[in-house]
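Data first, discussion second: the structure below is written as structure tokens.
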Amino acid sequence: MASPEPGRPLLAVRSVAKSFGAVSAVRDVSFPLYGGEVHALVGENGAGKSTIVKMLAGLHRPDSGTIELDGQPVELHSPADALAAGIAVIYQEPTLFPDLSVAENIFMGRQPLRSGRRIDRRAMNARAAAYFTQLGVAIDPDRPARGLSIADQQIVEIAKALSLDARVIVMDEPTAALTGVEVKRLFAVAESLRAGGAALLFISHRFEEITALCRRVTIMRDGAHVSTDPIDELTVDEMVRRMVGRPLDTLFPKHDVVPGDVVLEVEGLTRAGVFADVSFQVRAGEIVALAGLVGAGRSEVVQAVFGVDPRDSGEVRVDGKSLRGGSPAAAMRAGVALVPEDRRQQGLVLDASIERNITSTRLGSLAKLGLLVGGAERRFARDWAARLQTKYSHLTDPVGRLSGGNQQKVVLAKWLSTQPRVLIVDEPTRGIDVGTKAEVHRLLSDLAADGVAIVMVSSELPEVLGMADRVLVMREGELVAELPRAEATEQTVMFAATGQGAAA
Amino acid sequence: MTTAPPTSTGPAPSVEHDKAAESRVGLILRARELGIVLALAALVVVTAVVNPRFLSGQSIRDLVLAAAIIVVLAVGQAVVVITRNIDLSVGSVLGLSAFAVGSLLQAAPGVPVVVALLVGLAFGAVCGLVNGVLVRFGNVPALVVTLGTLYVYRGIGFFWAGGQQINADKLPPGFLAFGTAGVLGVPWLIIIALVVVLVAGLYLRTYRSGRELYAMGSNPEAARLAGIPVGRRTLAAFVVSGALAGLAGVLFAARFGTIDASAGTGMELNVVAAVVVGGVAVFGGSGTIWGAAIGALLLTTIGSALPVLGIDQFWQQAIVGALILLAIGTDRVVAARIAASLRRRESHVVS
Amino acid sequence: MSSPDLSPRRLLGRLTSWDAAIIGVLILFVIIASFTVDNFASSRNFSFLVLDLAPIALMALPMTLIIVTGEIDLSVASTLGLASAVMGAMWEGGLPIETIIPVCVLLGAVLGAVNGTFVTVFGLPSLAVTIGTLALYRGLAFVVLGDRAVAEFPASYTDLVTGRIGDTGIPLLLIPLVVLGLVFAVVLHVTPFGRSLFAIGANAEAARFSGTRVTRVKFWLYVVSGAVAALAGVLWTLRYSSARADNGTGLELAVVAAVLLGGVSIFGGRGTLWGVIAGALLLTSLQNALRLADVSNEALSVVTGLLLIVSVLAPNLASNSHAALRRRRRPDPPPPASPNPDPAPSPTPAVRSS
Amino acid sequence: GGTTRDSSAGDTSGSTGAAAATANPDAPIREGLKIAFLPKQLNNPYSDIEAGGGQTAVTELKGDYKLVGPNDASASSQVSYINTLIQQQQDVIGIAANDPNAVCPSLNQARDAGIKVVAFDSDAAKQCRDVFVNQATTQGIGETLVKMTHDLTGGQGDIAILSATPNATNQNAWIAVVQEELKKPENAGMKLVATVYGNDDDQKSFQEAQGLLQTYPNLKAIVSPTTVGIAATARYVSSSSYKGKVAVTGLGTPNQMREFVKDGTVSQFALWNPADIGYLAGYAGAALASGQITGKQGETFTAGKLGKYTIGADGEIVLGPPTVFNAQNIDQFNF
Ligand SMILES: Nc1ncnc2c1ncn2[C@@H]1O[C@H](COP(=O)(O)OP(=O)(O)OP(=O)(O)O)[C@@H](O)[C@H]1O
Ligand SMILES: Nc1ncnc2c1ncn2[C@@H]1O[C@H](COP(=O)(O)OP(=O)(O)OP(=O)(O)O)[C@@H](O)[C@H]1O
Ligand SMILES: [Mg+2]
Ligand SMILES: [Mg+2]
């Protein structure tokens, strides 16, 4: 699909800059977006990608520089302006109205009308349903958005962008929460949009996606523009080198560890309507991956193990001692830690400072005579932030200001600082750049080497295959397969995860 | 554009979605208002059994007349609450507008009722505007702003009225008649209340800007991203609530004939209670105007049923409180049932 | 990669924060009032002031904790009333006051537990629940004592409440106030429990995922709130030596006003107890001074209202204009390096055991 | 053991005040007396009329008049005002107590500070005021109420009372007398079927009236011994189908009731002239402060246009019998 070398760009970013107080998030960045072409924007966490996105969305005004549409400079004062200018944005974090129906979420402010400017609900639901069929998912358009899994939320976001049929479509890590099947569908859609003449800006930390989808790539580092080239003139290694600023050491640094005794035992764990009769064991030093399609119920399982979700039946044992259900505190005392799937909702208190977030799990031990006095917290937080190489300007800044990846590091710091015996990580590298990814992976294998039992929920097959000693596959709330490292391959896992015929 | 999906010939899945849709909508509607309607019915039946006169024309008339005022207030309150705000100043606004209209009519008895109504509306709208501006531009939480203006408006009222009380004999008979008379036996107050409920209810359910109010309440940040003019809508919501409070003030004056500076004191809590009992979520995003109206009706019915039931004076308030708890309790139970049903019918990638 | 030393910065943050502003306003006001309003600075007036302050300040302490967790308790004044009514009924019944007082406080705890149960176990919005119990408890108060007003409480006790320390002008009542204030302040600001309250207020789910027993914490807060409100009821009854069902009607708004005035965010997650105490003091001393200056009652309510709004409005406007300034000031030469002191990942002490 | 009601009987927070001094009947009235009035509630028409009378008196006496008070009729807020008045070293406090006991401690502090306390309209506990200006003897009012009801109902049928707040001191006293009177043979035909409370709130009273009429089909009369209650009741009845069938009477101001007397809803009701209460209280206060009287029974003083008054038992000064208003005389009054 070699479309002719395009002429004038549909949208052009011209040497824009943006700083937040002391932090200069973006400096002198320029790149063109051509119609009928998908353009990749890559960079480490905190490189400034989302900030650019927010400028295109009319959320941030550039401190300097301009954004040009059809060669004309445009002032985007508000999201409304951006929409009016035909720019649709899929944000890094889903932005839905939990109380409203999925269909209304898609068409808010643009609902199809019938006589007397009244909303035509039938038409609205029908069109929403049509978009879902196009995306190949069956979400009831009339169901409230509350309770959708992150993946389903992301899909609704995509449907929203489709419904805008905009000329410029910006996707900030749309695939972070998706698994193979959905990603394939998303790509099909993106492809048809491209063919329709739209210009797409695509942000992702997964290079296989970028090389598969994009024709041109802009690389950023620390807020500055590094380069913009056609994709086929760059190797992945070159891209990585440019964005990280150094050659990357292996992505999956797996030590071979001889597993120790069983630490975590889960037996017949059941929660009506979500998952049933889940049993597995994890030994000290082992990394066990929970694979499966999104919505398989993996998060629910680990959350029930940790006790944030209730369990209807079944038992969880740590070091042979049975764990009281529904009590995270008990789990923590037993040495279990859970790095949750949704960092903004479950992992962090976004308005609270980085320091407060990191220390939140350790206050008891940081207190003297029950009182939190002196600089103990500060020192502790600074130490752990440093160990995970978190990028921040002040420990007292609200953690919400950090870039996605750095937020994830804070969550990891918060839990690793509890020195757990059993570490459960749910989508540990979601939205994390290659550099950090390698860090996290090294971290996990080091922890395993130190005898920590690790359960890893991940929707990224390479990660699962690269890191796990054993792979447990879930489908529709049931444990359907257990594959030792040797037998775990792309095919075997997908086959188990999707069941007959659905082998992706 | 290949992306524009066929809308007319809805593909297979969308059809079955529509069926699901119907059932779901029905379920939720029933869920939200069912509890209250039942409570209301039960109350009326019991009272009527104990004392048939409760269903006499006169008494029903008195009941709905009393309800009309609080219903109007509840509608305004619902609009504000749905946007994740609250308006505690309604009681004071009512008092202020009642007194304003009262003294207007006292000064110029010739003024037609319609004008009086409009004056009340306008007066309330201005008070609402002040609230709205403070919330919107000062970004002060609505609870704080309106708690403040609750004091301020009341204080202004006292300044203005002093000890003066406007008695029935000072008000033009035409206006007082408006408080009780009506067309074909249906009192004006009730007609007005019904119109308010219908218009507001329809608007919030079937108009884009109406739905945007829900969106704002459900997730303010997302509302901004969706390009909804959050500021303007907030402002509008408060103006509406204020205006309706003003209108209620006029109705109050017409109904009770005696107006002093303390008219409507403490009403704000009843109104909020009515809205909450009516199934409007305190933190916005969900609930209906109908619900709020029924909630208001229920509370008023309790108020006038208890004396009829000959229940000891001192029990009344206690029972009202208990019923509020009961109402929101049942509402929650039903809501939980829905959530459960949602969890079960989860989406899965079709393969 | 440690951040620069923050202590001066934090100090600045403290000083510019809005509860600090309220404290400033309070001090300023007291100084001005003592010079301009006759009899304001007298020791007797001070004791009157403390007497007026006591019930509001008392109930504001637990209310602060509750609002910090993002909930609210509008039933406190009714709890006060019910406690007072029960106290009266028991006193009439000839029970010794030494038993009555603890029983009343216990009753308050139970009433609080009822609120707590509805809010946590049934997960109902506290605003709605406590509006319900606001009516319920006040109603029960009337059921208990009806239209009667029980009086003639023993002078030995009433004097305890209204009395002063020796011949100093300092009212006895100040002692428990100060003690409780300190206790609550310490709990809220320098204990893990207090931290968890802020976390709950800012993001309850995240708090739950960090092992905080969110529902349990909230439940106990309501219990404490009820008990303290009942204690306020006892003091109220003794001060006026009159137990009545309608004691303290409408006080809940004053309490909430004091808390918000003190700079606690109504959405939870933010606020300090110092601010609240200052808020309560400002509210009462303002009213006291205005009354002494023969300012009419109307003016009182207007001023109270304005004060409440301004106390939140002012800091917002300040920060807004500040931000606006920053936005206009452009384009300043971008800082050479990234926000982070040393971008190149330095070999870190821990975890990287390569 | 412990402190119980009985064990602490008599040990109530009270002080004798400054009543020790002896009266000097012909002491001159001091000029420039600071006389403050603290009615039940400000911005209440009735209270304002009372205070108005007080103002007249104080001006006549060349004193310096002040009116303070809460907007809600609650005892506690009155106490704050008493404290303020103490601070301001007034000479006389005229108070209509919202709760006889709640105001007691502060009133005694006032008297210890040498301030004379005149209770008017609604008494404070005896041991904490010097004199009480009573609008009419409780007995007198009770009897008048029953007499009017008797006239209206012909002494036959159900009657109901719509009172003010459940704990309003004087209303409850009057109701007690009414109940006594009804026991008398000539009133045997009338049956008091209910007593309800409108909390002196117009709307509440209005709804209570509704409730009464619905609950008691053969109600003959509603007696409302409070100005707010009677007005609300009359207004409801006049706009309802009960007009003419059910009699409304009680205590009300002519201005409020004029309309309903004219339209025949109400044929007679009673009240003393509230202005005179304030007026008398003003003079009594001045007399106290000037040492003409000390509050003992039998002492006498002159109250301007109202003439000579004698202090009765418990320092009570009675204004006189209430006036009964009807279609004939109502237009002669304007308050
Ligand atoms: N509102 C804000 N206030 C202050 N600093 C901010 C704000 N938003 C972003 N930043 C800073 O700007 C820099 C760029 O953030 P941005 O979110 O654009 O990174 P990103 O490239 O999207 O990273 P990721 O891939 O993790 O999403 C980061 O250092 C971040 O801390
Ligand atoms: N808060 C919630 N309320 C109701 N249902 C939920 C909620 N969260 C998830 N679900 C549903 O439960 C099932 C499992 O959720 P989830 O998507 O977390 O599974 P998963 O295997 O962890 O997928 P992933 O982790 O890749 O998102 C899905 O069908 C999802 O829609
Ligand atoms: Mg980003
Ligand atoms: Mg998950």
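Just so it is clear, glycine is given a Cβ too, placed from its N, Cα and C backbone atoms.
Note that the structure is a prediction, hence the values are computed from the model and not measured.
Record features (TrEMBL):
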type	residues	note
TRANSMEM	B:34-51	transmembrane segment
TRANSMEM	B:63-82	transmembrane segment
TRANSMEM	B:88-107	transmembrane segment
TRANSMEM	B:114-134	transmembrane segment
TRANSMEM	B:140-163	transmembrane segment
TRANSMEM	B:175-204	transmembrane segment
TRANSMEM	B:235-257	transmembrane segment
TRANSMEM	B:269-302	transmembrane segment
TRANSMEM	B:314-335	transmembrane segment
Touch test for the transmembrane segment (B:140-163) and the transmembrane segment (B:88-107), at least 3 Cβ pairs under 8 Å:
yes
Please identify the stretch among B:63-82, B:88-107, B:175-204, B:269-302, B:314-335 with the greatest number of Cβ pairs below 8 Å relative to the transmembrane segment (B:34-51).
B:269-302
Which one of these stretches, B:114-134, B:175-204, B:235-257, B:269-302, has the most C-beta pairs shorter than 8 Å to the transmembrane segment (B:88-107)?
B:235-257
Tertiary contacts of the transmembrane segment (B:114-134) (same chain, 6+ residues out, Cβ under 8 Å):
87, 89, 93-94, 96-98, 100-101, 104-105, 140, 142, 145-146, 149, 153, 175, 192, 234-250
Considering pairs 6 or more residues apart, do the transmembrane segment (B:175-204) and the transmembrane segment (B:269-302) have at least three CB pairs under 8 Å?
yes
Cβ-Cβ under 8 Å with the transmembrane segment (B:63-82): same-chain residues at least 6 beyond its ends:
90, 94, 142, 179-180, 187, 189-190, 192-193, 196-197, 200, 204, 213-214, 217, 237-238, 240-245, 247-248, 251-252, 255, 267, 270-272, 274-275, 278, 280-282, 284-289, 291-293, 295-297, 299-301, 303-304
What residues in the same chain, six or more past the boundaries of the transmembrane segment (B:314-335), come closer than 8 Å to it by Cβ-Cβ distance?
31-32, 34-36, 38-39, 273, 276-277, 279, 295, 298-299, 302-303, 306-307
